Amino acid sequence: MGGADAGAGAFYDAALHKRETLMGKSGPSALIKNFRVFRIALFACIGGVLYGYNQGMFSGILAMPAFERHMGDYVTDSTKKGWLTAILELGAWIGTLLSGFIAEVLSRKYSVLVASAVFMLGVVIQATAITGVGHDAILAGRFITGMGVGSLAMIIPIYNSEVAPPEVRGALVATQQLAICFGIMISFWIDYGTNFIGGTTAETQSDAAWLTPICLQLAPAVILFVGMIFMPFSPRWLVHHGREEEARQVLSSLRGLSPDHELVELEFLEIKAQSLFEKRSVAELFPNLREQTAWNIFKLQFVSIKKLFQTRAMVKRVMVATVTMFFQQWSGINAVLYYAPSIFKQLGLDDTSTSLLATGVVGIVMFLATIPAVLWIDRVGRKPVLTVGAIGMATCHIIIAVIVAKNIDQWESHKAAGWAAVCMVWLFVIHFGYSWGPCAWIIVAEIWPLSTRPYGVALGASSNWMNNFIVGQVTPDMLEGITYGTYILFGLLTYMGAAFVWFLVPETKRLTLEEMDIIFGSEGTAAADFERMEEINNEIGLTRILRGESSNTTGTPYETFPEKGNTSDHSERIQAV
């Protein structure tokens, strides 16, 4: 076991050193260098815009008198209001669970098309609420729209992580969160603008005030559906499904290098080695599922999910993904996004227009705060950003709780205190924007081996949506029943999130997706597994490249790859990274 681990360490140490020599540093310059990939990721992130728009749009609609005319007590009753809001998350949870199989059978690319079509169907159903169907149409439409949103929220990070080179992978996955924040921002201001259609009173406001924000979702969904037809397949999915030459061409195009360039060859062979390893492992453990038919893949997803709980290393991955998403949602971010106008009214901003205006500021500061994460997350790392962000968010919650506890019945005479609490909400959103917004999704997308990645991400996203649903459902009752206790609860849980990240979540910056086995306990590189991987590496020529025995078209000859057993512990190298 020790020799195998040392050999695995030597191999991955050589691979990482080789790649760092060729690829350069992370940061803004790396995004410019990989502009083709950046452009593709930006387009795919329209799915994130749809997700964010849905999150933000409904909070403003709930505050509109014209919408209340159609919904009745589904707006005035706190429990029904929570159900009307949270049913989208319930649909997203189901959509996420179904997406793993679809993403593996149809490809990441075609799965985006399916999810976009489901999303558009849900929007059309919501629009029929104006015909007199009322809350039933909103409930059904938001559930179906949620299925599409949940699928997109899972598939887009996978797609972006699999087309991205290691030096910008975190930035491109973080771009998804930037797109979500952009969607939230524009939804808040669209709500603010349409709120004035026909007037702002129950007697005069037009139905167009709430119907327009709902229908506008169709435009980006159609653009994503049509444009995704012309986007490349994931090279990792192509390799895993036997389309190797196409995968090499896609890698070449994505990197802007010739197909025989050393960096393209190195990345291609690493992907192929991991794919062969997973296939041969499946063939050995489950020989009746070795053929990649749709039915076998369907059955294999249950095997893969079971596999997530069979070793300590995989259980640690499950814990990191699901618990990280638990703490992301119980930070209270979606309580703010879904009910911001109601929260601001509770803080003394009684006028609907003023509360919507304050809500619009939430969208702007969150969007701006996310930009640094996109630019610098691959250089700073995940752990410090998540820890600092959690401490900042939790502190804001506690301050808000103190302000509300002292002034809850006297906002008229203490308007400054109300605005101080509003500023703390804005500061809370800033802390979330640069930290838990992008970083949580980055971790969930990057920690899984190839064969279980769709199901691992689905599990993490499932935790996100289920906790999202619970938070959306209970927040109105919490704000009404325990008032400032709501912020204390969110604050204490977020402090716990900071401790969880600092002590239990490993750092993953600048490591390839295939290298995650090392930092999660070396379970994938135990003796038998390493022998299989070593055989594959020798078979496909990857070991020869790392020994410096291949032709080098652009760089200098690389130092000899050390023999198994003649290297120091690889864990030290991972920690250094």
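Cβ coordinates come from backbone N, Cα and C, glycine included.
According to TrEMBL, the transmembrane segment annotation covers 40-63, 83-103, 110-133, 139-159, 171-190, 210-233, 318-340, 355-377, 384-405, 417-443, 484-505. Here TrEMBL flags 40-509 as domain 'Major facilitator superfamily (MFS) profile'. Here TrEMBL flags 549-577 as region 'Disordered'. The compositional bias 'Basic and acidic residues' annotation in TrEMBL covers 566-577.
Under the criterion of 3 or more C-beta pairs below 8 Å, with sequence separation of 6 or more, the transmembrane segment (210-233) and the transmembrane segment (484-505) do not qualify as touching, having fewer than 3 such pairs.
With a cut-off of 8 Å on Cβ pairs spaced 6 or more residues apart, the transmembrane segment (83-103) and the transmembrane segment (484-505) reach fewer than 3 such pairs and are scored as not touching. Across the candidate stretches 110-133, 171-190, 384-405, 484-505, the maximum count of CB pairs under 8 A to the transmembrane segment (355-377) is reached by 171-190. In this model, the domain 'Major facilitator superfamily (MFS) profile' (40-509) carries an average pLDDT of 87.
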